[in-house]
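All remarks here apply to the structure that follows.
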Amino acid sequence: MATLLLEDGTIESNLDEIARELAPLGVYIKHYDPGTSILFPHLLIQDALTDKEKCHIVDLHNSVFEFIQQENGYLWCDLLNVHPGSPNLQTLIATYAKYHTHTAPEALYVLAGEMIFGFVKPDGSQVQLLVQSQDYLHIPSGVEHWCSLTASLSFKAVRYFTAADGWVPNYTGTQLNDSLNK
């Protein structure tokens, strides 16, 4: 279940309160437990996956979550599978660990592992959101954010796209608030 770290050090774990904090940004978070993970538990704990296994996971997931694609106009999706042995892991981390925006929305449903997203709120304050298994996150286009793996370096999520080129980061130059990283 998601948790939100506010700039003043407050940690919020109530999903309704997290949603309220993120609402001014248009960021949407919801926790869904469709039960699909019981259909492929061995694949969720496995680091490397074949293309066939990835397609199997996405197909099973989409059979339950087709409404997400229809409601939001997502054109396609894929499975993001990051683990300590992932090729180009450090490049992936460096690409998204700086504040950026996208011209298209960023949306994902977490299957396993966890990731941290940082946001700049309209008042200039910064918050960090930890998403975990069964959390669905939708970030509208133009919202300033960054994301990073946690220390486990392990994350599996179905990513949803509205543009053929996916999520291209446009860096903003905003500095991460060090007080959130203590």
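Including glycine, each Cβ sits where the backbone N, Cα and C put it.
Listed in sequence order, the residues of the same chain lying 6 or more apart from HIS145 (Fe(2+) binding site) and placing their CB within less than 8 Å of its CB are TYR99, HIS100, THR101, GLU106, PHE117, GLY118, PHE119, VAL120, ILE139. When secondary structure is read from DSSP and collapsed to three states, HIS145 (Fe(2+) binding site) falls in the strand class. Per Swiss-Prot, the feature Fe(2+) binding site maps to HIS100, HIS102, GLU106, HIS145; the stated evidence is sequence analysis.
Summarising the annotation, Swiss-Prot assigns Ni(2+) binding site to HIS100, HIS102, GLU106, HIS145 and lists sequence analysis as the type of evidence.
Of all Cβ atoms in the protein chains displayed, 21 besides its own lie within 10 Å of the Cβ of HIS100 (Fe(2+) binding site). The residues near the Ni(2+) site, meaning same-chain residues not in HIS100, HIS102, GLU106, HIS145 whose C-beta sits within 8 angstroms of the mean position of the site's C-beta atoms, are TYR96, THR101, ILE139, VAL143, GLU144, TRP146, CYS147, TRP167, PRO169, in sequence order.
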